Amino acid sequence: MVVGLLGLQGAFLDHRHHVARLGHSHRVVRDLEDLAAVDRLIIPGGESTVMAMYLKAYGLVEPLKERIATGMPVWGICAGAILLAESVDNGPGILKSLGVTVRRNAYGRQDASDVHAVDVSVLDRPAFPALFIRAPRISACGPGVSVLATHDQAPVFVRQGTVMATTFHPELTDDAVFHDYFLGF
């Protein structure tokens, strides 16, 4: 299996060691040829507005939406969750592939970023050290969206079919449990 790491901007390289440790190869995705060569895709944390600009500039929005709609598994982390969302800050999302509404930077500025123990019992992690970095807040979930973990009464780990999102950064820990879960469906 080839795992795509959207490499337009953001923390995409932090996923390499988790993917390799689980026995898979990766490919950095920057164009249509790269996108066609991967079996699933991780959309990393970073600056969602910059990543959206590059997705549009490189003609990746519609092909990516089509791949997701036809079943390619995708995981959005922080900014990646924003890109996948149906709506963002009361406006339309970019990829509109996940039935959630998100609010950018909902937990404050960079200096308010912090680690919180999040109960992710679905992955047998009752106190996962979730690192929130200028994290979005999922304010609403549509039908078919499963909430797999919450923090401060808000969803922080959701899944809808083959689309998964976390508002925190599991790749910045040594625990590959989220990668293992994503690579298993």
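Every residue, even glycine, has its Cβ placed from backbone N, Cα and C.
Keep in mind the model is a prediction, meaning the values are calculated, not measured.
Features as listed in TrEMBL:
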type	residues	note
BINDING	G46, E47, S48, R104, I133, R134	L-glutamine binding site
ACT_SITE	C78	active site, nucleophile
ACT_SITE	H169	active site, charge relay system
ACT_SITE	E171	active site, charge relay system
Other CB atoms, at most 10 A from the CB of H169 (active site, charge relay system): 21
From active-site residues C78, H169, E171, the one whose Cα lies nearest R134 (L-glutamine binding site): C78
Residues near E47 (L-glutamine binding site) in space but at least six apart in sequence (CB under 8 A): Q9, G10, A79
Site diameter for L-glutamine, Å, by largest Cα distance between G46, E47, S48, R104, I133, R134: 13
Additional residues surrounding L-glutamine, by Cβ distance to the G46, E47, S48, R104, I133, R134 centre under 8 Å: G10, G45, C78, A79, I82, N105, P136
Other C-beta atoms that fall within 10 angstroms of the C-beta of R134 (L-glutamine binding site): 18
Other C-beta atoms that fall within 10 angstroms of the C-beta of I133 (L-glutamine binding site): 20
